[in-house]
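A.B. asks: From Swiss-Prot, for reference:
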- Cys7-Cys28: disulfide bond (DISULFID)
- Cys13-Cys33: disulfide bond (DISULFID)
- Cys17-Cys35: disulfide bond (DISULFID)
- Lys27: site 'Basic residue of the functional dyad' (SITE)
- Tyr36: site 'Aromatic residue of the functional dyad' (SITE)
Amino acid sequence: TIINEKCFATSQCWTPCKKAIGSLQSKCMNGKCKCYNG
């Protein structure tokens with residue numbers, strides 16, 4: 001799931017992804033957060 005959250009580092013995606021899909025598994029891709037629900 002790509003969410004509308006700008007990022008420079010994967011760690012910046014942890015909280016937004018936790019809020020969005022309840023999972024900390026994420027990656028910063030092309031300046032946007034990508035969340036994985038493991």
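Each position is counted from 1, following the chain as shown.
Each Cβ is built from the backbone N, Cα and C atoms, and glycine gets one as well.
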A.B. asks: I'd like to know which of these disulfide-bonded residues, Cys7, Cys13, Cys17, Cys28, Cys33, is least surrounded, judged by other CB atoms within 10 A.
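C.D. replies: Ranked by other Cβ atoms within 10 Å, the disulfide-bonded residues Cys7, Cys13, Cys17, Cys28, Cys33 bottom out at Cys28.
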A.B. asks: Do you know offhand how many angstrom separate Cys17 (disulfide bond) and Cys33 (disulfide bond) by C-alpha?
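C.D. replies: Cα-Cα distance, Cys17 (disulfide bond) to Cys33 (disulfide bond): 8 Å.
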A.B. asks: Measure the Cβ-based neighbour count of Lys27 (site 'Basic residue of the functional dyad'), defined as the other Cβ atoms within 10 Å of its Cβ.
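C.D. replies: Around Lys27 (site 'Basic residue of the functional dyad'), other Cβ atoms within 10 Å: 13.
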A.B. asks: Using C-alpha atoms, which one of the recorded positions Lys27, Cys33, Cys35, Tyr36 comes nearest to Cys7 (disulfide bond)?
C.D. replies: Cys33
A.B. asks: Please report the Cα separation of Lys27 (site 'Basic residue of the functional dyad') and Cys33 (disulfide bond) in Å, rounded to an integer.
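C.D. replies: With distance taken Cα to Cα, Cys33 (disulfide bond) is 6 Å from Lys27 (site 'Basic residue of the functional dyad').
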A.B. asks: Just how many other Cβ atoms lie inside 10 Å of the Cβ on Cys35 (disulfide bond)?
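C.D. replies: Within a 10 Å radius of the Cβ of Cys35 (disulfide bond) lie 23 other Cβ atoms.
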